[in-house]
């Protein structure tokens with residue numbers, strides 16, 4: 001009986017270690033995982049459109065990062081703060097698009113804008129993350145500037 005319990009416990013440990021919910025193995029080795037997505041920060045500086053195109057060329061379904069929750073924002077901010085100076089901007093996938101005389105924000109991956117962290121909106125059309133009052137917030141800036149950027153894609157199953 002004791003041997004059966006020992007073997008059963010051993011199999012349970014092996015099963016749990018192989019089925020980790022946040023396993024990075026589904027993301028390429030140089031990408032980070034969070035939930036169902038893979039992320040990578042690129043420090044080379046590009047214009048917004050060039051950065052978006054670069055992301056789409058990295059992986060199927062990849063785009064500039066969309067941020068859909070406070071939890072995801074914290075993850076993205078942590079990645080950036082570990083690799084980018086506080087004063088540097090980082091492109092995200094949000095843009096303002098004119099649709100039928102109405103300005104509307106949209107993520108480049110077409111996901112809905114359900115979470116916002118915008119500071120001081122103005123007439124510029126592209127968005128960056130910038131240090132503001134102790135954390136990174138969204139600012140809209142001129143799309144032709146060159147900044148670092150982060151890409152994101154849905155992890156393969």
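Along the chain as shown, the residues are counted starting at 1.
Including glycine, each Cβ sits where the backbone N, Cα and C put it.
As recorded in Swiss-Prot:
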DISULFID  27-38  disulfide bond
DISULFID  55-151  disulfide bond
DISULFID  126-143  disulfide bond
DOMAIN    34-152  domain 'C-type lectin'
SIGNAL    1-21  signal peptide
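Recorded features from Swiss-Prot, shown on the structure.
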{"residue": "27", "record": "disulfide bond", "CB count, 10 Å": "19"}
{"residue": "38", "record": "disulfide bond", "CB count, 10 Å": "24"}
{"residue": "55", "record": "disulfide bond", "CB count, 10 Å": "26"}
{"residue": "126", "record": "disulfide bond", "CB count, 10 Å": "25"}
{"residue": "143", "record": "disulfide bond", "CB count, 10 Å": "18"}
{"residue": "151", "record": "disulfide bond", "CB count, 10 Å": "24"}
Shortest C-alpha distance to residue 151 (disulfide bond) - which of the disulfide-bonded residues 27, 38, 126, 143: 38
Rounded Cα-Cα span from residue 55 (disulfide bond) to residue 143 (disulfide bond), Å: 16
Distance [Cα-Cα, Å, rounded] between residue 126 (disulfide bond) and residue 55 (disulfide bond): 16
Helix, strand and coil totals (DSSP H, G, I; E, B; other) for the domain 'C-type lectin' (34-152): 25 helix, 50 strand, 44 coil
Secondary-structure category, per DSSP, in which residue 27 (disulfide bond) falls: coil
